[in-house]
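Q: Before I ask anything, let me first share the structure, which is written out below as structure tokens.
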Amino acid sequence: MDPENGLSPKNTIGIDVYNPPPLHWTSLLVLAYQSCGVVYGDLSTSPLYVYKGTFSGSLHQFLGEEAVVFGVFSVVFWTVTLIPLLKYVFIVLSADDNGEGGTFALYSLLVRHAKFSLMPNQQGADEELSAYYRPGYKTEDTPMLRALRNFLEKHRKSRTCLLVMVLFGASLVIGDGVLTPAMSVLSSFSGLQVHSSALTHGEVVLLSCIVLVCLFTLQHWGTRRVAFLFAPVVVLWLLLLAALGVYNIVVWNPRILRALSPYYVVSFFQRTGKEGWISLGGVLLSMTGTEAMYADLGHFTAASIRIAFVGLIYPCLVLQYMGQAAFLSKSPNCNIHFIFFESIPRPTFWPVLVIATLAAIVGSQAVISATFSIVRQCTALGCFPRVKIIYSPEINWILMLVCLGVTVGFRDTTLIGHAYGMACAGVMVVTTLLMALVMVFVWQQGFLLGTMFLLAFGSVESVYLSAALMKVPQGGWLPLALSLVIVAVMYVWHYGSRRRHMFDVQNKVSLKWLHALGPSPSLGIVRVPGIGLIYSELATGVPAIFSHFVTNLPAFHQVLVFVCVKAVPIPHVRCYERHLIGRIGPREFRMYRCVVRHGYKDVPGDDNDFENDLVVRIADRPFDLSRTGLLMRAPLPFPEDSAVVRAATAATSATSTADSSKTETIQSLQTMYEPESPGFAIRRCIRFEIDDVSSESMDPAVKEELSALVEAKHAGVAYIMGHSYIKARKSSSLFKKLAIDVAYTFLRKNCRGPAVALNIPHISLIEVGMIYYV
């Protein structure tokens, strides 16, 4: 309950749709099978380039030594075992946020349980959401935990650093949407040069670019029609990798099985020294795509992803890496740049090439879709400019252009691999740091266990990160540059949005001023028929745009509803908890407040029936209208023949007057805009009436309020929004002026407006211009 506005959810349902019962084992296996195509497409293509990236540098001089080759495989094996298997599959997958995973899932857990949020507009009522806290969570106040929590909560800079770290991790994942397609597709097509020496490298790059253009174009047309092929392609590819690995082990060097011992890891670094450490930048590529296991958790279940990895992905990859190492140990003079295609039997070349290309496309598609998901989460949490949700043409074409630029500019998978490894290492380190905090604050497992997790996995990943940093001049700079640009965009948008919200809070109108307007016309101000929806980002108080509107146009609607659409740090808000409805002032004022809450995985503005739903919720009984005496009728093929329309028209003279006063111009405008606003015609045709039977026993004040509500709804609904211009004060610093006046203004001009993002019909929109000096 919000103590200031008396807002509370209007209903509760005893069904927990976000914590379903355990799946039957057959359903679990089906999910595990499907996850192969969505989750593991990127990870499964790593054998195309891991050994090439490892031996491409100074380690190439040791290629003829069997012990070194065995050592490289041992390092790859234990890397895949420690990080993807132990860390992600058995630990990180357990840190789901109501079934969702990814960097923002960890951050939202910390925001809710440790109060680390920098998001404005949060209310105490948000903590009453059923999905807000983990089941069984209780605040513990051990001295160490209390001191750490107080430090992070009181020091704003520490929370800002945490947010920047999360944004950096998210930007690296977005960078993967550029690097993965370029790396995977170019690596698969490079095999053509093994079969045809006449094919130049430039022609391979051209073919890769053509496939990349088709891949990103596919995003525009949608991938659902071909998504059912993803899992079979990846499963077939993995089984092929396992078969080729077993073949190479048997044919070339069965003694490679000895390299499963960690002894070969120690001997490898003893023999190679600094060169072995630098080569870890190539070994790092064996973990690319691991973060997708956690990021795509919302599409499947942790159990299904675990089954797929342990039962299929892990053994197939290990067999393939082992087989390539067995081939390398007996073929030191092979072309390391095409090691994968060199190691396969020649009769199987074309089938393997085709399946490898399809697997690369599937892996790239999965990462691109994950990029859209990350952008959506950033947008919902106010850290990214508003773009189209689900599929964003702006983001898609930008990704395509950058991806083509990387492919044509680098032209070499070795250089792209350096950038790819840098992004992979950065994301893993960010996940480890956040996971340690989740263990302490959310799981409440103690400071010692969180520290042990951080030291155990953080130290290993830091070694890989340090090796990747050595490759910064040779391509590793690209993900850093991309991340800095993306983080700058995210932080400027977040900073500007936060300053704008602070201005609204500081300049909001008091409720005393609003109540002074009274329920009836006064001081030259008139109330016109209809419902006025005043949109703002304030969950409490009256926005300044309303007073600005009344000052310039001394009239407002018969029924006023102050609407606030805001994001809360949970993935999904249940339908019955989404709206907080409250009355502002006495009943006769006909003023209400509606707070619409969305999770970071929800799609704001996706409700085409918001107007009617709002009327129902104000009537206070959204799931049983008959109890209030308010009836809703769906539109008929000929709405003018509806008995409800005739009854409402006969009962309410104001409605009749309002309808008859509509000019032909307004009616033609409605006809023109209805096709542009999905659901607008249906919303306008649905009618409400008061049941005569129920009204006899109804309280007169309630009946009068419902009558006014129905009358206003039939007269029409207007959406009033602020069209603000943000300016930095003259006394502001140069940095703030550049951030607000240049960067933030540019982003606002080139992103989707709030009216478009919320699916507000143009014909009903009124925009109020204001200048914000922040």
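Glycine too: its Cβ is placed from the backbone N, Cα and C atoms.
Please treat TrEMBL annotations as automatic predictions, because they have not gone through curation.
According to TrEMBL, the record shows the following:
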DOMAIN    31-514  domain 'K+ potassium transporter integral membrane'
DOMAIN    529-772  domain 'K+ potassium transporter C-terminal'
TRANSMEM  67-86  transmembrane segment
TRANSMEM  162-186  transmembrane segment
TRANSMEM  198-218  transmembrane segment
TRANSMEM  227-250  transmembrane segment
TRANSMEM  276-295  transmembrane segment
TRANSMEM  307-329  transmembrane segment
TRANSMEM  349-375  transmembrane segment
TRANSMEM  395-411  transmembrane segment
TRANSMEM  417-440  transmembrane segment
TRANSMEM  447-470  transmembrane segment
TRANSMEM  476-493  transmembrane segment
Q: As a test of reading the model: what is the averaged pLDDT for the domain 'K+ potassium transporter C-terminal' (529-772)?
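A: That region's mean pLDDT is 72.
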Q: Considering pairs 6 or more residues apart, do the transmembrane segment (417-440) and the transmembrane segment (162-186) have at least three CB pairs under 8 Å?
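A: Answer yes: the transmembrane segment (417-440) meets the transmembrane segment (162-186) with 3 or more Cβ pairs below 8 Å.
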Q: Tell me if the transmembrane segment (198-218) touches the transmembrane segment (276-295). I count contact as 3 or more CB pairs below 8 A, with pairs 6 or more residues apart.
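A: No, the transmembrane segment (276-295) does not contact the transmembrane segment (198-218).
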Q: Okay, the transmembrane segment (162-186) and the transmembrane segment (349-375): do they have at least three CB pairs under 8 Å, pairs separated by 6 or more?
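A: In contact, yes.
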Q: Do the transmembrane segment (67-86) and the transmembrane segment (307-329) share at least 3 Cβ pairs under 8 Å, sequence separation 6 or more?
A: yes
Q: Hey, which bits of the same chain come close to the transmembrane segment (227-250), Cβ under 8 Å, at least six residues off its ends?
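A: Cβ under 8 Å, 6 or more out: 33-38, 40-41, 44-45, 47, 256-257, 312-313, 315-324, 326-327, 343-345, 348, 352, 355-356, 358-359, 362-363, 365-366.
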Q: Counting only residues 6 or more past its boundaries, what in the same chain has a CB within less than 8 Å of a CB in the transmembrane segment (162-186)?
A: 42, 45, 48-49, 102-104, 106-107, 110, 116, 118, 152, 204-205, 208, 211-212, 215-216, 288-289, 291, 295, 357, 359-361, 363-364, 367-368, 370-371, 374-375, 377-378, 383, 399, 402-403, 406-407, 410, 413, 416-417, 419-420, 423-424, 426-427, 430-431, 433-434, 478-479, 482-483, 486-487, 490-491, 494
Q: Below 8 angstroms Cβ to Cβ, which residues of this chain, lying six or more residues outside the transmembrane segment (395-411), approach it?
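A: Cβ under 8 Å, 6 or more out: 177-179, 181-182, 185-186, 201-202, 205, 208-209, 212-213, 216, 219-220, 368, 371-372, 375, 387, 419, 475, 478, 482.
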